[in-house]
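Below is one structure, written out as structure tokens; the observations come after it.
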Amino acid sequence: MAATELRGVVGPGPAAIAAPGGGGAGPPAVGGGGGRGDAGPGPGVAAATAATAGGPGPGAGGVAAGGPGSAPPAAGSGGSGAGGSGSAREGWLFKWTNYIKGYQRRWFVLSNGLLSYYRSKAEMRHTCRGTINLATANITVEDSCNFIISNGGAQTYHLKASSEVERQRWVTALELAKAKAVKMLAESDDSGDEESVSQTDKTELQSTLRTLSSKVEDLSTCNDLIAKHGTALQRSLSELESLKLPAESNEKIKQVNERATLFRITSNAMINACRDFLMLAQTHSKKWQKSLQYERDQRIRLEETLEQLAKQHNHLERAFRGATVLPANPPGSAGSGKDQCCSGKGDMSDEDDENEFFDAPEIITMPENLGHKRTGSNISGASSDVSLDEQYKHQLEETKKEKRTRIPYKPNYSLNLWSIMKNCIGKELSKIPMPVNFNEPLSMLQRLTEDLEYHELLDRAAKCENSLEQLCYVAAFTVSSYSTTVFRTSKPFNPLLGETFELDRLEENGYRSICEQVSHHPPAAAHHAESKNGWTLRQEIKITSKFRGKYLSIMPLGTIHCIFHSTGHHYTWKKVTTTVHNIIVGKLWIDQSGEIDIVNHKTGDKCNLKFVPYSYFSRDVARKVTGEVTDPSGKVHFALLGTWDEKMDCFKVQAASGENGGDARQRGHEAEDSRVMLWKRNPLPKNAENMYYFSELALTLNAWEGGTAPTDSRLRPDQRLMENGRWDEANAEKQRLEEKQRLSRKKREAEAAKATEDGTPHDPYKALWFERKKDPVTRELTHIYSGEYWECKEKQDWGSCPDIF
């Protein structure tokens, strides 16, 4: 299946198909593809073809595949020096596109921390083929001419310069631009939930206006002083000339007078120029101030109009719901009525006339510092060396036997949503401070662990002898991870840097899991789960989100790996885009859209899953997912059909004679009797609508457990306060934690700056339980579990854990 590259997005190719024949080195595992207009198979797709033809892939040699006679493109025009348009550097480089075209010459422009490329210099005026942000990118030198730029997610550029000198010039310029971009990013980023970007822009604009005004005043003062001192000098010289002095002195005075006259003429010209500039600056300053005030007034009017439209839209929706019958599967519901919970209050308006109050169950209290044996500083700052007594051990045993089945009900807090969300349009939400009113009492690490809710699908897959059948269960597991999102419209807490979460279900379910927040900017979490039933799941996910006014887009970046121990089958896939609709008015509802390609890197088997976006005008079932399981030759063996919130079925495909294409359902209708239900969603617990629509697993995730690391999400105080319904205290505690994280970051930056000044080495922040290295399969830089957490837990040795709470 050809992995074509869209604008600025690079599609990784499998690149793990064994190369029979006498081919040279295989291609890099991460596909380099061209940008928009360079569509074609990524470097990993045609591995077998390249090997048969005998041509090495774009490795160190940089030769395009296509047979022994292929040659690299002519390396005549490498990167030029600094170009125009304010760019730090621009020039020609060779970029790997695909196995058919190999390396192609592209015009690259490095400016403002962004590396963009075009097919030609003339194309800069209208079409950019791709852009990568260096602030989050990694630059790797392969050999004398080749280097790689990757952001660890969907973008990877394999580049080649015309010479080693040219390559070094580009790499140096890129490293400098990256350092500057990272510094600017750090200056504007004070915490995971930092001050509003719009407020920062406003402050910067006001500061600029004040500076300009001050400079204009200085210019006016200098103008007056030059005129004053010039006149005084001329007068003094005239008086000196009129005095009776010897002839020789008179000659000297005449020379000085001539020079003073030249100075007067020159200074008068400068004074006139300054006066003209001053008048022009004052005129334009007034125009700018008027324009700025006009834009402010327009913004206020636009906000008022948008708010009015939102209210009208809300009234229309309510009137429509009251006058008509909703379809069988509206976007705010999931599945059939028999297993659907009663809907919660989804209308995000300020009206509270329909508030409902419930009797909340008892508050969950958390023992302090039990089970933590630290060699260094303790969480509270005082040394604590508490061992588990017999009574506490008994309590833990009881906790293991009985998992909690409920949490305190969600309180009804009034909130002026519009006052917060109107400033978020087009922004990255991880940079905007949000009250806990928008949250659910779980962290992103715990949400990531929820992917294991249907772990039994991987247990079944591990027992499959047929790799294609195994792929069906892996696909069902992939879809099942979205079933918990159908009602979950609240956001999880952003983890603090170094925060962890463990889930030890080795005795009950045969698996255990550990997550860690490994990066603060961009926010990234690493996850590793292992099962005694024969599988390992690992991933590093970066979450980016944009608020578009009516909806919120959440785009997870990163690759998920699943390895089966007995067969060595190694599967990878990426997540789709999640969209939250009706942010301002109406009932919040969530949709998943996009495609997932699951690849078995050992056999070459693939599964393509399509998440169909919801449409009011479509007659198709809501939340539909379709899929095909194919062998390396592209032949379809199984078709998948279902919904991401309810269930997934598969059936064998009996292709028509000589026909391999067409729709999977049309080809497989003959084998309807072979349909097998792979997965079905578990019903939600009773009263789930009052408990954030948590599943049975989610209800247990924040239950306090002894012996965990002091950085565990269960010990996060603002999250615990929110779960117990004390939201005002939770907001105050959240601000304290963010300020503490901010101070820690500034301390690390100061230490790094001092080390740079002293010329001493300084190690950047490193994750505690994960190591950043190149993935052997995808060749991406990612965090892989180092294998020490459970040993430290057994010893209760948490001395290396940072104090983050």
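In case you wondered, yes, glycine gets a Cβ from its N, Cα and C as well.
Note that this is a predicted model, so its numbers are computed, not measured.
The feature N-acetylalanine is assigned by Swiss-Prot to Ala2, with similarity to another entry given as support.
Summarising the annotation, Swiss-Prot assigns region 'Disordered' to 18-83 (among others).
What Swiss-Prot records for 44-53 is compositional bias 'Low complexity'.
Residues or ranges marked as phosphoserine by Swiss-Prot: Ser188 (among others).
Sequence annotations record features per position, and here Swiss-Prot assigns phosphoserine to Ser191 (among others) based on a large-scale study or a structure entry.
Positions annotated as phosphoserine by Swiss-Prot, on the basis of a large-scale study or a structure entry: Ser196 (among others).
Residues or ranges marked as phosphoserine by Swiss-Prot on the basis of similarity to another entry: Ser236 (among others). Classification of Ser236 (phosphoserine) by DSSP places it within a helix. Counting only same-chain residues six or more apart in sequence, none has a Cβ lying under 8 angstroms from the Cβ of Ser236 (phosphoserine).
Summarising the annotation, Swiss-Prot assigns phosphoserine to Ser238 (among others) and lists a large-scale study or a structure entry as the type of evidence. The Cβ of Ser238 (phosphoserine) lies under 8 Å from the Cβ of Asn257, each of which sits 6+ residues away along the same chain.
All chains included, 11 other C-beta atoms sit within 10 angstroms of the C-beta of Gln312 (20-hydroxycholesterol binding site). What Swiss-Prot lists as 20-hydroxycholesterol binding site is Gln312, and the listing cites similarity to another entry.
Positions annotated as 7beta-hydroxycholesterol binding site by Swiss-Prot: Gln312.
The cholesterol binding site annotation in Swiss-Prot covers Gln312 and rests on similarity to another entry.
Annotation comment: Swiss-Prot describes Gln312 as 25-hydroxycholesterol binding site.
Taken from Swiss-Prot, the feature region 'Disordered' covers 331-351 (among others).
Per Swiss-Prot, phosphoserine is recorded for Ser336 (among others).
The phosphoserine annotation in Swiss-Prot covers Ser349 (among others).
Taken from Swiss-Prot, the feature motif 'FFAT' covers 356-362. Averaged across the motif 'FFAT' (356-362), pLDDT for the predicted model comes to 37.
Secondary structure of the region 'Disordered' (708-764) per DSSP, as helix, strand and coil residue counts: 42 helix, 1 strand, 14 coil.
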